[in-house]
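The structure appears below as structure tokens.
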Amino acid sequence: MNGTEGPNFYVPFSNKTGVVRSPFEAPQYYLAEPWQFSMLAAYMFLLIMLGFPINFLTLYVTVQHKKLRTPLNYILLNLAVADLFMVFGGFTTTLYTSLHGYFVFGPTGCNLEGFFATLGGEIALWSLVVLAIERYVVVCKPMSNFRFGENHAIMGVAFTWVMALACAAPPLVGWSRYIPEGMQCSCGIDYYTPHEETNNESFVIYMFVVHFIIPLIVIFFCYGQLVFTVKEAAAQQQESATTQKAEKEVTRMVIIMVIAFLICWLPYAGVAFYIFTHQGSDFGPIFMTIPAFFAKTSAVYNPVIYIMMNKQFRNCMVTTLCCGKNPLGDDEASTTVSKTETSQVAPA
């Protein structure tokens, strides 16, 4: 084996020379230079400085402006809440551990950090599934004149949390486990060892199939149907130009969120799957560290996309920041993507 396995860790470094120490007890500077750990800490500090204000602002602006409290926005706000969980439960912990060069909070802290990171990522993925289904139901009308209302949005939010917990909670109760990964300063699911005591392999397969592949299949199916329906409706001019424009805007926004999610999480998922299928092979700590830390940017990009592509929310945000005045002079009451859940676009 090209790594060293302990009772609650796996270090991707052979202990033939006797230098390997538990990532819960001693700095891991034999894995990487101290300055590299400092770079990780600086990166986490940047994500905290960006992730907390922009997600908190998303929640605050919505509370301040009643017009933003639409069913579709409930799902988008759910993403902001999940991102804040990642910032407080994961990023702050990883910042501190990176400064020390090892996971100073012990196995319990590792469980909490891994749980919050997994929970946030899964809430984001299942929120995108709910958004994709909402777009499919609203635009393609498979259920006649069904309207996506507040109760449906609340059920959608509850669904995302149930599914996310179904992925993040089992390692806390004995099905798989959370262990330090990469440079041993952040924690994630154990892809590295079979660890028969916790039936680790069965959980990893379950997670990849149920909590990654199936959601992506649903998302791609919904948007494939949606693109076809919108083109057909536009060709037959079934809707007004204003309605079609609004539907295209909200659909474009959600599709960009999906693309951003894939850019952030596919490298991590790909590396994790490779490690899982090549357990014991030779790979360095950087191999998992880079995609793991890159995936954490997901806590920043969703609100940025939302703010950039939603004119009404952007205007409300500017009004809030400028103490009730909007220097841009845009009309907040204009038709926007956040109010398109009552769309009447129908299939051909």
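Just so you know, glycine gets a Cβ as well, placed from its N, Cα and C.
Swiss-Prot assigns Val19 and Leu226 to opposite sides of the membrane. Here the candidates are Cys110, Cys140, Cys222, and Swiss-Prot names Cys110 as the disulfide partner of Cys187. Looking up Ser281, Ser343 in Swiss-Prot for phosphoserine, the annotated residue turns out to be Ser343.
Residue annotated by Swiss-Prot as phosphothreonine (from the set Thr198, Thr242, Thr336): Thr336. According to Swiss-Prot, the listed position annotated as phosphoserine out of Ser240, Ser338 is Ser338. Listed stretches 37-61, 153-173, 203-224, 253-274, 287-308 were compared with the transmembrane segment (74-96); the greatest number of C-beta pairs under 8 angstroms is found for 37-61.
Per-stretch counts of Cβ pairs under 8 Å to the transmembrane segment (37-61) identify 287-308 as the leading one among 111-133, 203-224, 253-274, 287-308. Neighbour density for Gln279 (Zn(2+) binding site): within 10 A of its CB lie 15 other CB atoms from the protein chains shown. The secondary structure of Glu201 (Zn(2+) binding site), as reduced to three states from DSSP, is helical.
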